[in-house]
Structures are given as C-alpha cells and as structure tokens.
Amino acid sequence: MFLVDSHCHLDGLDYQTLHKNVDDVLSKAAARDVGFCLAVATTLDGYVAMREQIGERDNVAFSCGVHPLNQDEELDVERLHSLAAQPGVVAMGETGLDYYYTPETKLRQQSSFSHHIAIGRALNKPVIVHTRDARADTLAILRQEQVMDCGGVLHCFTEDTDTAGKLLDMGFYISFSGIVTFRNAESLREAARYVPLDRILVETDSPYLAPVPHRGKENQPALVRDVAEYMAVLKGVDVETLAEITTNNFSSLFNVDLSALRQDN
Ligand SMILES: [Zn+2]
Ligand SMILES: [Zn+2]
C-alpha cells in the first residue's frame, strides 16, 4: 500500500521533543505506508526556510504561497511568481479566504487569492485552497479567475454537500483531513460519502487536527493512514483501494510521477 499526505506543514512539527528531524518524521510515515508528502507553505519567507530545512528529497514536494491568515502586508506578486516557478514546487498555496479569524483583511485576502490563481494558470500549477466562513466568495473567485485552467483542491474540507458539488463541477478535488473522524462531524461525513472516489485526496494538515484516536496530540504525516482507514469505511472500500485511488488522484492533480517510489514499496 502507498499513501500520500497531500497537505502537511512539515516545518511546523515538534522537532524539540517528538521528532529528531525530518528524516525521523518521514520514516515514521513510511512505517505506516505513507510514502510521499506535500509540504505546504504559508508565507514566502516560510517557503524559503522550509525548503532549506527539508532539502531535496524524492518523497517530498512543495507548494508555494501565502495563507489567507498571513495577510499583514501586501502580497509581493513578483516574488511569489518567481519562487513558485522553482523546480519541486507542484502547487500554489495554501491560498484562499478565511473570514472566521481575520475578516478585517478580507479585501487583501481576495486580491492575494486571485493572484495565486493567475500565477497558477501561468505556471500550470494547481491551487491549494483554504476556506472558512467564506464559501460564496471562495466559489465566486475560483470561477472569476478561471481556476479550471490550472485546477486545484479544496483542502481540509469542512463545507457541505452542495459546496462539494459546485467544486466538483469546476473540476476540483476535495481533500479530507482528520476532522472527518471527529464525533460531531456527521454533515462532513455526508459530504465525504457524496464525493466520488476519483476526486478524493487525504491529508493530515499536520501539525494540526490529529485524527481520532490521536485527537489533541500533535499530528504528523504518519497519521494520514488513520484518515485513509476511516475514509475507506465511509466509501465502502478496503483501505488498499482507497490508497491506490487517492494516490493516483494526487499524481494526476499535481503532476507528480510516483511510479518509481511505488515500485520499491
Ligand atoms: Zn488550511
Ligand atoms: Zn494547511
């Protein structure tokens, strides 16, 4: 079995007490059949530092972008474009809108989001979208900016079935995190049952949102296995099938060739 953690903040894990280093995290992941990670950036400086920390590896790819909660200053569009063009960057983001925590930066978030999509289209790299309390505007901007040209994923999905349907119509993938395992997440499970297998990705969003039975502890890529096992039950397939399909989905969305890695596995 070969699983991918399609969204983690590898630079944000606890390297003081829980993990020796990045190798340690990746070997814990591999021990649970998690053979590849997408390390997601949240600021441009953070992207540069994260690449330095992680280094070049055949089992990690990167995204480049500015998180909607990190809008203290105006986006440096030129810098985003040139960093995102670097080899090893397979996606833009995470970008999107978060009106829950920072409604005061709405306008700046919207402009940043639009720039990420425009650059994604120019570079032919899909966008990783975060949305919270901003469903209508998120859908409107995705449409306006013609995201269909580069594609993307709504990460850590917590919206309803109707929103999932609209995203699927735009060719989007939907990524499920440990939230789907939470006791009170019944409407999310309904959405997960609704989204077809060939559009599903799984992620940890580590170090946040550890799935049950690890809830409350630090999350890490190894635990995407728990998300996958849970999703397999929801979808009525075995976990090997869910792994096979979500890994194929990841490869086709982000244009990452995993065949060599999958062979040794
Ligand atoms: Zn997010
Ligand atoms: Zn994230």
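Every residue, even glycine, has its Cβ placed from backbone N, Cα and C.
No curator has checked TrEMBL annotations; they are predicted automatically.
Annotated features in TrEMBL:
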BINDING   H7, H9, E94, D205  divalent metal cation 1 binding site
BINDING   H130, H155  divalent metal cation 2 binding site
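Known features from TrEMBL, placed on the structure.
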{"residue": "H7", "record": "divalent metal cation 1 binding site", "DSSP (3 states)": "strand"}
{"residue": "E94", "record": "divalent metal cation 1 binding site", "DSSP (3 states)": "strand"}
{"residue": "H130", "record": "divalent metal cation 2 binding site", "DSSP (3 states)": "strand"}
{"residue": "H155", "record": "divalent metal cation 2 binding site", "DSSP (3 states)": "coil"}
{"residue": "D205", "record": "divalent metal cation 1 binding site", "DSSP (3 states)": "coil"}
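Apart from the site residues H7, H9, E94, D205, the chain places the Cβ of C8, V40, T42, I128, H130, H155, C156, E203, T204, S206, Y208 no farther than 8 Å from the centroid of the site's Cβ atoms, the recorded divalent metal cation 1 location. Note: the Cα of D205 (divalent metal cation 1 binding site) and the Cα of H155 (divalent metal cation 2 binding site) are spaced 9 Å from each other. Residues from the binding-site residues list (H7, E94, H130) with a C-beta closer than 6 Å to any atom of ligand 1: E94, H130.
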